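Here's what Swiss-Prot has on this protein:
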type	residues	note
REGION	115-137	region 'Disordered'
BINDING	Gly169, Asp170, Arg171, Gln172, Thr173, Gly174, Lys175, Thr176	ATP binding site
SITE	Ser362	site 'Required for activity'
Amino acid sequence: MSIRAEEISALIKQQIENYESQIQVSDVGTVIQVGDGIARAHGLDNVMSGELVEFANGVMGMALNLEENNVGIVILGPYTGIKEGDEVRRTGRIMEVPVGEALIGRVVNPLGQPVDGLGPVETTETRPIESPAPGVMDRRSVHEPLQTGIKAIDALVPIGRGQRELIIGDRQTGKTSVAIDTIINQKDQNMICIYVAIGQKESTVRTVVETLRKHGALDYTIVVTASASQPAPLLFLAPYAGVAMGEYFMYKGQHVLVVYDDLSKQAAAYRELSLLLRRPPGREAYPGDIFYLHSRLLERAAKLSDAKGGGSLTALPFVETQAGDISAYIPTNVISITDGQIFLQSDLFFSGVRPAINAGLSVSRVGGAAQIKAMKKVAGTLRLDLAAYRELEAFAQFGSDLDKATQAKLARGARTVEVLKQDLHQPIPVEKQVLIIYALTRGFLDDIPVEDVRRFEKEFYLWLDQNGQHLLEHIRTTKDLPNEDDLNKAIEAFKKTFVVSQ
């Protein structure tokens, strides 16, 4: 076999022509200190704030402190495998999470990785967890109601689509139950719900997921969980991951409800990170930007203008108080950012008033704009009646003789409190709420004994299902009250069949 020189030279020429020099440039630094979930690295001079970096063992980190001669990095995972002298390299990516329809019905961590054992999440789209809130001209005022199915909220402190309503109270006052009931009530309402559990026990999150599954609510819900055993950076990132997943749907013109349970734990995690990064502490040892931590999160809730698709993102942030002190640092911060608050009181909870909503301290700064016409008409005086009752109740304890008008107010108040009580995980459609509150405010319950009011309500709903469908349908379709004579006749007809307990 002879070697032909021209063939060899042709091959060499071809290889020279096709040669591509692919030089990969990457910024690499060195870990100079590591511990408590924080690493300091030298040599990453061009890293961006919030950029993802990768350690030699594959664990990711996020650059938070950009100092003169080193970078403070929070480690998003176990830090025991990282040691001094290890290599750390830039990725050029800002922290982002997977988004899309594939996440619905799944339980994921703040990095978007599934933790429910149902295999990988099949989605290719991502969104950065930090993104600017919609501008002034991109928004529209809140005008559509978000029905929670809880009488005390829908009547006294209504929530609208695109609103931010704080739920505040001590531990064990039913905050999570309010959120779960609201999510369950969004069935058939064309709503995507996102439940963000921050620093909760894993057993608690499991219970919530099972409750949602049992009521068929997991079909439109994403659960994001950063449990108490996770590193502080994941607790800090969880709410931003949740809102990024929600924004994907909002900008597509859909309606989203995001529950943050709870922001006190996120604030504590952020305080921990800030102190470990040696940022100067302020009041209660929180860093100076703790207000911005929550404001930039909650400002991303909005009702978009029609030009932007008309989608909405409603936020229900939770804050846990200590011994009912709503004037502490984090509660006052979040109250000033949100459009109202629902204050749950432990005294009411333990006295059997559940949901334990304090009508005096709870407000909705959107108010009537987030109620249907029918509810506005019947619930107008309800808050005043309740406030007057609470005031008179204090006087009545002294046992002095009361005039007829005061006795009537006390009797009406006691029945109002009974009507506003509600069992767990049993949200009530708004049309039925309107009719029972109409019966209450128009005096139809005044001659029913207080202990029979709950039974009256239950039997009234059953009676309406059989004999009052036309009234319910009227409220459902027109959002207004039916003819008052028809209503009065229907309630009187039911009262004749109702048997008072002896």
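Heads up, the Cβ atoms here are built off N, Cα and C, so glycines get one too.
Taken residue by residue, the region 'Disordered' (115-137) breaks down under DSSP into 2 helix, 3 strand, 18 coil. Comparing CA positions across the binding-site residues Gly169, Asp170, Thr173, Gly174, Lys175, the one lying closest to Ser362 (site 'Required for activity') turns out to be Gly169.
The binding-site residues Arg171, Lys175 differ in how many other CB atoms lie within 10 Å of their CB, and the one with the most is Lys175.
Residues Glu320, Leu344, Ser346, Phe349 surround the recorded ATP site, their Cβ atoms falling within 8 Å of the Cβ centroid of Gly169, Asp170, Arg171, Gln172, Thr173, Gly174, Lys175, Thr176, which are themselves excluded. By the criterion of other Cβ atoms within 10 Å of the residue's own Cβ, the least surrounded of the binding-site residues Gly169, Gly174 is Gly174.
Local packing around the Cβ, expressed as the count of other Cβ atoms within 10 angstroms, is greatest for Thr173 among the recorded positions Gln172, Thr173, Thr176, Ser362.
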